[in-house]
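I have placed the structure first, in the form of structure tokens, so that the comments after it can refer back to it.
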Amino acid sequence: MDQEILLQALLIAIWAGIAGIDLFNGLLHIHRPIVTGVIVGLILGDLPTGVMTGAAIELVWAGMVPLAGAQPPNVVIGGIIGTAFAILTGQDPQVAIGVAVPFAVAVQACITLMFTAFSPVMHKADKYAEEANTKGIERINYLGIATLFVFYFVVAFLPIYFGAEAAKNVVESLPAWLIAGLGTAGGMMAAIGFAMLLKIMLKKQYIAYLIVGFILVTYLQMPIIAVALIGLAIAMYDFYKTSGGQGAAMRGARGRGI
Amino acid sequence: MASENAAIEPKISAQVNNPEIYEDPSTEQVITKRDLNKLVWRSLLLQASFNYERMQAAGWLYSILPGLKKIHKNKQDLSESMKSHMEFFNTHPFLVNIIMGIVLAMEEKKQNRNTIRAIRVAMMGPLGGIGDALFWLTLLPICVGIGASLGADGNPVGALVFLVIFNVVHFGLRFGLMRYGYYAGTNAISSLKENTKKVSHAASIVGLTVVGGLIASFVQIKANLVIHAGKAEIALQEDLLDKIMPNILPLGYTLLMYYLLKRGLSPVILILITVVIGIIGKIPFPFGTIL
């Protein structure tokens, strides 16, 4: 029995690793609960329950999609833990969902942490870029994939092998403010990326457009596509207004006229 | 003042002053259809090294890297190109292929580096929005709906149907957009050759407008503090900051980061500062949390 559950937990953990990679990379969508339910059902030897639970969990997550960088509860772990729990304990799919969702929320918090922890690696990547070291850039991306695999492998293996209840207690023993604080820091981190872009792109004559874009979203809640179209309209106006060589030369961005 | 600037950013200024100068300016066509297809497969790893600071930048560079290597046989040119593609990047992972196609066409034609950068920045935001609406809010629910209705009866074929429908659309689009982007980019460049400076200027206008909008929508900071003054309660965010200007904290924090970068602080330090602020902000003090 022990041997059997170990093997099953390992197989599910491998599937979790693959599905976890697919959530952000590949995006074949083999990570959706509807697919995961079938696989977990096959591994645990109860295909009908797996399919039905997977479909039920799928509908819970149907509206939870990654929009504009905001991450919903983790669909990979939610689907896998939920289905495994339903089959192993013989509970209703609805109860399985109740167990799966808190897990999925906690896992997503860890993902936030990973996205934060990977930020400093970018400076290694800058160095490789400077040296034109293409292998180095590739290694960094493979490291990212490997990290994802190991993370999902561990997160799926432990609760299935040791029981879902025990794992839930561990998650709840972490101080909430620490997890919340890392999440907040994650939300602020994009400011550094934009600041680096501004350091290169922002010249005095462009400050006006930065303000326009900011105002359009802040006060008019415009979607980015609308902001881009307004930017395009201004750019086209500017382009055709100065369609002699003179205008561009007078702006003096760089010495030579056209 | 001038010398201070030069001391702080020697690398950047060298790049900005000579953005058009390639050591090897030949614009031979080296990218083949096969290369384009290969890059589509690589772009599946767009988010392999996703992180909050540059988001998809390193994955983006990974995706176009064989193309860049083929185009820039000169090591210095390759280095300049790779450096600029390590800058912040984030878009929809399916629609990225059209940007890849256009950018590769521009790299191949040895376009001004600033123009390439501006086009990349101007396209990433809008395509992100379109992709979300198109795929996450339309294609995915339709496919899931079909699959899950079969699965609810315990029929495992539902999963297969879901995967097939979804991926036919997914990969059809990826390969199509890659080619479309590359050929459209190549044609557009030859007709715009005379006007590269003006195009660069125009693209920078669109780019910075988009960045202004992205700051407001992507950077998330909210104050949670409530100030008790006698009987009055003042919520810092709603009653004070929002009255001055909504999103004042995201804008202020971005500008602070910009200022600190210009002062020569390394981005790694800025990340640390950000993490510390985030954690302190969520510590439950007797008076509540700050953020």
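Just so it is clear, glycine is given a Cβ too, placed from its N, Cα and C backbone atoms.
Automatic, uncurated: that is what TrEMBL annotation is.
Taken verbatim from TrEMBL:
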TRANSMEM  B:88-106  transmembrane segment
TRANSMEM  B:127-151  transmembrane segment
TRANSMEM  B:157-178  transmembrane segment
TRANSMEM  B:199-221  transmembrane segment
TRANSMEM  B:244-261  transmembrane segment
TRANSMEM  B:268-287  transmembrane segment
Recorded stretch that, among B:127-151, B:157-178, B:199-221, B:244-261, has the most CB pairs under 8 Å to the transmembrane segment (B:88-106):
B:127-151
Below 8 Å between Cβ atoms, which of the listed ranges B:157-178, B:199-221, B:244-261 makes the most pairs with the transmembrane segment (B:127-151)?
B:157-178
For the transmembrane segment (B:199-221), could you work out the same-chain residues 6 or more beyond its ends whose Cβ comes under 8 Å from its Cβ atoms?
90, 112, 114-115, 117-119, 121-122, 124-126, 192, 247, 249-251, 253-254, 291
